[in-house]
């Protein structure tokens, strides 16, 4: 005769026993396995900067500030252009007044605190411009250090900030080796370049790419082998910034030299 | 104006978005948590390791540690750009971040100290509650006090010998559990800095250990200093009340008790001071010896720009001078006051040189930034992240201690 007690006991045992193999079925979902094998993602945004083509006009900075509503005269910017002047004595002089927003009209190098350093033409061994923006790292330290998860990486590789969630501690600003982060002067939350995510996700180019008349800036999808940017990155000699930090940056540079910081 | 622009001066090449984002409040934060941890470790030396000589200061430092605890959070709140969302660190922590551990460690530590205090003061709570209950016609304030102390007993009104012994065992266990948590509370503050790979000065695995050692040093120093100040006040009071209440300890008794406690405690201070200096110098020597890419700019910050802050104030005035003061024979109260004040200055400068010094150079390694401390505030931001904000943080724990002392008198013998 089966008692109520033993019936309950046995049913629980049976449910428990069945749950185990059922959960194993869930573990080996073949669809998910297939998807995860090739990591399933069709898009990974990357950026290509051709430093040989940059003339330092600053249109990209202007375009970015307008598009992304970063107050025009605030001394912060999502993207900027650096000027490098290497003299024959081996010294490197760098500046980026107002992030290069107005171009580089003054020949003298801005050395801060309102001072400028004149460099004679005959002393210069080489000079060039380097545009900078967020590297949308594969291993982003800013995402790692955010205490509330307000900054996160999308499926297609772009690192975004949730302005409604950011507490403004500044840990991400400290954690970025490239100095791309700052506090938005109006929203008072962490702010950075996001490859104009609102544009690229709608099939458009970023504001800086649109603004560059020289083709120094290009955006592409590294997962698409037919993408011209992918072709250049995979076949030509490109470099990235500060690889030693292990961040795996995804902004690639053509013509990068050792002087670039 | 952009956040940070008001107090940052830039020289040579810095990235356009670089400013001193972590200011004096972030100096105060590890300084305050260091004092919390240090004060607790000092009280635990008596409770766990039975260092009898520290009995006089043990209860004092436990209450003081509790008074400092809420203040450890204050500089963070003052620093946040969105303070109203600060609670999210505890509610929705993102565990890959070192800061996310704050909520867990902080509440665990708070609960340990609170329960330890409860066991230490249970007898006092019960006695006070019973005494007030015995009064037939209580005044309004007595009525409120009665309610407070009855609530504080949590219904456990057994103060028999066995119950009190059980209390003592609980105190010992809690104090033992508290030491690693206190070290973790502060060690993780060191980890917050030590794990920032983007910052050449901060990134070292030694950072949490250095932070813990200097925390204990500063905690002990502040306890000695506050202990001396309160004892001096008691001596003055004792002189006045001696005639009225002859059972109170006399001026001479208090004086000899005071110097005994101070001498014993300062020995532990010197021990931890030696450990802290050794580690800091090891870090400095190691950086110079390995001379990595960043050493070029670090060298210029450490030996040129911040030379006075690091070598004169921190190591010289803050470490070497008090070291000599404490090691000279026949320690006097006056010498101990000077010594502990210098130690506190030294530890504060150590925090300053780490936090501000770590931002004194650009991550391009090609330029410098100088922090111009806002003294007279002209808006909320320069108030919070300036001298006034820091002073506010420094004063609050003493106010809390004053209130706590009314409920949990640190000098009345309990068990």
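Our numbering is plain: 1 for the first residue shown, then up by one each step along the chain.
Placement of Cβ uses the backbone N, Cα and C atoms for every residue, glycine included.
According to TrEMBL, the protein carries these features:
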| type | residues | note |
| --- | --- | --- |
| TRANSMEM | B:20-45 | transmembrane segment |
| TRANSMEM | B:57-78 | transmembrane segment |
| TRANSMEM | B:98-121 | transmembrane segment |
| TRANSMEM | B:174-194 | transmembrane segment |
| TRANSMEM | B:206-229 | transmembrane segment |
| TRANSMEM | B:268-287 | transmembrane segment |
| TRANSMEM | B:307-328 | transmembrane segment |
| TRANSMEM | B:340-362 | transmembrane segment |
| TRANSMEM | B:382-404 | transmembrane segment |
Item to check | Cβ contacts the transmembrane segment (B:57-78)/the transmembrane segment (B:268-287), at least three under 8 Å, sequence gap 6 or more | outcome: no
Item to check | CB contact flag for the transmembrane segment (B:174-194) and the transmembrane segment (B:268-287), at least three pairs under 8 A | outcome: no
Item to check | Other parts of the chain folded back onto the transmembrane segment (B:382-404), taken as Cβ under 8 Å at six or more residues beyond its ends | outcome: 6-7, 23-25, 27-28, 32, 35, 63-64, 66-68, 70-71, 74-75, 78-79, 226, 373-375
Item to check | Folded-back contacts onto the transmembrane segment (B:98-121), same chain, C-beta under 8 angstroms, at least six residues removed | outcome: 36, 40, 47, 59, 62-63, 65-66, 69, 72-73, 76, 89-90, 152, 154, 167-168, 170-171, 174-175, 177-178, 181-182, 184-185, 188, 191-192, 195, 408, 414-415
